[in-house]
Each structure stands twice: as structure tokens, then as C-alpha cells.
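A short write-up of the structure that comes next.
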Amino acid sequence: MRHHGRTSSNAIRSAGVFTPEPGLGPETRSPNINLEVPISTPPATVSGRSSDRRTLAEVGEFDLIDTVTAHGQQPASTILGPGDDAAIISAPDGRVVVSVDMFVNGVHFRTDWASGEQIGRRAALASLADLAAMGAAPTAMVIAISAPADTPAELIEGIGRGLHEVAAQVGAGIVGGDMTRSDVLSIAVTVMGDLQGADPVLRSGAKPGETLAVAGRLGWAAAGLAVLSRGFRSPMVMVSAYREPQPPLVAGITAASFGATSMIDISDGLLADVGHIAAASHVAINIRTAALDLHPRLVEVASALGKDAMTWLLTGGDDHALVATFPAGSAMPPGFTAIGTVTQGSGVTVDGAPFDGPAGWDHYR
């Protein structure tokens, strides 16, 4: 994702759309990660930060590993949790769905934009969205953190708390982890899931004639990033969407039960990620902008920033909504909205025409 230098605008500030960002304020979060959060409801305030003022060099590696791994409850699927050379988890289905994501300070998050708890929850939620896109239920997580020696220990403790909160809410165990010294704070989250006897939903199953549908919000995280990049901390619902995405995790399993033929989570942008389905399935997909939820609040904020709200919906990443294809004429699962069609051919179009501009985020472009 992109991070831009901060600039202020008296005109924008006086319009009453934003609140200046004087520094990190009270920690906020959305109360239920399994459901879409109403855009009119601000996240609840949570307190309880650590008062530990030591650095990582003063705390030491193994105490830090314990901080991240050893304090959460383990589900029944954990046979052997943290403390040995490796963990052991059960796989009643006979298959384990595995994914890993990296989160780097200055690229995926900024420590001056979010608390440790928010960073931990963000890393966990974004990683779990990959399991949801396969139709799998989360069972276990393994965490690796690299950080400079002068990093405040309370930041890592907060990240650990955030990770554990999400793991507990989805019924997964943090079964292992590692800490190492590096020049930049980074977090690697490996997630494991259970298909519960069902077939996985791949990117490669879309067929001509099928319907493209989305569950979750689009464009809100991109709006939050734009707001933070300009030095503001409101509208809070958008800032919160960037700090802590709200992927509709249960919707992935539901979509699989409704016969989804392909699915992906939207991490790099709707166009970019739908493009992955089109390429893997050897089909063309057209997206109808009239079907997208272009909320007036997004339009208001985009206008104040000199941006285009529809571009946020089409190319903004980090919402981790789910987009899937379903057989023609089939009922849409709860929470999904039809936004396009699958046809013969290749590539992705918007309202029948190629999109003029980058389709989404690419780390090397």
C-alpha cells in the first residue's frame, strides 16, 4: 500500500470533514470481526495499554516470544501448543489450508498511525481473510516478528494482545512464534484452516455465464489511508477501516456452501484481485459500477481531498472484502451483492470498457 507525506489544508480543515491528527489518540476498534460494521457506527473505545517502558534489548528474545505466543487459550484442534520445537495440530479433514502474509512498518502499517493492538489485529484479520477466501475455518496461527533492538517492548506486547484477541474471537490458537532483530519492524503471520470436509474454493473455477458478487466494504480503507496521509484522524470510520480491516470471515464459508465457483479476498484492489480470478479461470469479467456501494460519505471525503471515490472502490486495497463467482441464476448468499458477470475472453472491464489506470497495488511498481 502507498504511504504519502503529510500535508495540511486549511480549506479542508475548515470544511468540517476532518479532524487534525495531533498524535495517536484513544485506541479504537470494531466490536465484531465476523460481521460487517455499520458505517454509521464508530468503533468502540478500548483501553488497557501496557506501562512497560523497556526496549526489546532490555526484555530479551525469549520473554518476548512468550509475550506473543504463550498467553492465549488453545482450541481443541491444538494437540501441542507453544513451548516445544514445533506445534502439533489435528487435521480431522485430512487437509490443512495454509497461508502466510508479511506486514512491514512503513509499507503495510505505520506505528505513528496505530497502536500495537491495532497493528496486531490488522495483521491477524488480513491474514485470516485468505482462509475465508478458500472457504476454510481458522484453526491455528504462527507468528514471527522482526524488530530493531530499541523498539519499545510495550509496542510488541500490544501487537501480541491484538493477535490474541482476534485468534480468540475466531476460535484459532496461536501455536508458535519467533523473534529476531532487524532494521525494520515486520510481522509474519502464518494461518492454518480446516475445510471441514468441503471442497476448497479456488481462483480458477469461474465459468462464462456466472455472476460476480462481493461481500464486505470497498474503498473505506483506501479513504482511511488518504485521510491519514493528509495528517487527519477522522472520519474515524474510515481511519478505523484502514487501521483494522473488517473482512467478512464467515461469509467465505457461507459462499462455499452456496456453491461459489471461485473466490478471493480483496487486498490489492477490486480490479486487481478480480483480475487474478479472470486469469486463473481463463475468462473475462465485467464489473458494473452502478452495482457498487458508493456511499455518500465516501464521495464527500473524496471530494474534499480532490480524489475520486469510485477509484477507491475499484482499486483501493486493504478492505479484505470477499469477491466470488456463483452459477448463473443461483441465489446469492447472505451478505453478497451481485456486481458483475463472467464471459468468454480474458481480462477485466468496467462497464464494458478497459479501466484507464492502475488496477490496484503492486509492491514493485
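Cβ coordinates come from backbone N, Cα and C, glycine included.
Unlike curated records, TrEMBL annotations are generated automatically.
As the structure is a computational prediction, the values presented were derived from the model and not from experiment.
Taken from TrEMBL, the feature region 'Disordered' covers 1-53.
If you look up TrEMBL, you'll see 83-193 marked as domain 'PurM-like N-terminal'.
Sequence-distant contacts of SER99 (Mg(2+) 4 binding site), defined by Cβ-Cβ distance under 8 angstroms and a gap of at least six in the same chain, are SER127, ASP130, LEU131, THR190, VAL191. Taken residue by residue with DSSP, SER99 (Mg(2+) 4 binding site) is part of a strand. Summarising the annotation, TrEMBL assigns Mg(2+) 4 binding site to ASP85, SER99, ASP130.
Positions annotated as Mg(2+) 3 binding site by TrEMBL: ASP85, ASP130, ASP265.
For ASP101, ASP178, the entry in TrEMBL reads Mg(2+) 1 binding site. Every protein chain shown contributes to the tally, and the Cβ of ASP101 (Mg(2+) 1 binding site) ends up with 18 other Cβ atoms within 10 Å.
Annotation comment: TrEMBL describes ASP101, ASP130 as Mg(2+) 2 binding site. Secondary structure at ASP130 (Mg(2+) 4 binding site), taken from DSSP and collapsed to helix, strand or coil, is helix. Taking all protein chains in view, 24 other C-beta atoms sit within 10 angstroms of the C-beta of ASP130 (Mg(2+) 4 binding site).
For HIS108, ASP318, TRP361, the entry in TrEMBL reads substrate binding site. DSSP assigns ASP318 (substrate binding site) to coil in the three-state reduction, outside any helix or strand.
Under DSSP, GLY177 (ATP binding site) is assigned to a strand (E or B) in the three-state scheme. Taken from TrEMBL, the feature ATP binding site applies to GLY177, ASP178, ARG203, SER267.
The Mg(2+) 5 binding site feature in TrEMBL is assigned to ASP268. In the three-state DSSP assignment, the secondary structure recorded for ASP268 (Mg(2+) 5 binding site) is coil. In the shown protein chains, 21 other C-beta atoms lie within 10 A of the C-beta of ASP268 (Mg(2+) 5 binding site).
Proximity to SER267 (ATP binding site), defined by a C-alpha to C-alpha distance within 10 angstroms, is shown by the following binding-site residues from ASP85, ASP101, HIS108, ASP318: ASP318.
Closest in space to ASP318 (substrate binding site), of the binding-site residues given as GLY177, ASP178, ASP268, is ASP268, taking the CA atom of each residue. A coil conformation is recorded for ASP85 (Mg(2+) 4 binding site) in the three-state DSSP classification, outside any helix or strand.
Counting every protein chain shown, the number of other Cβ atoms lying within 10 Å of the Cβ of ASP265 (Mg(2+) 3 binding site) is 28. Between the C-alpha atoms of ARG203 (ATP binding site) and HIS108 (substrate binding site), the distance comes to 24 Å. The full span of the recorded ATP binding residues, GLY177, ASP178, ARG203, SER267, taken as their largest Cα to Cα distance, is 31 Å.
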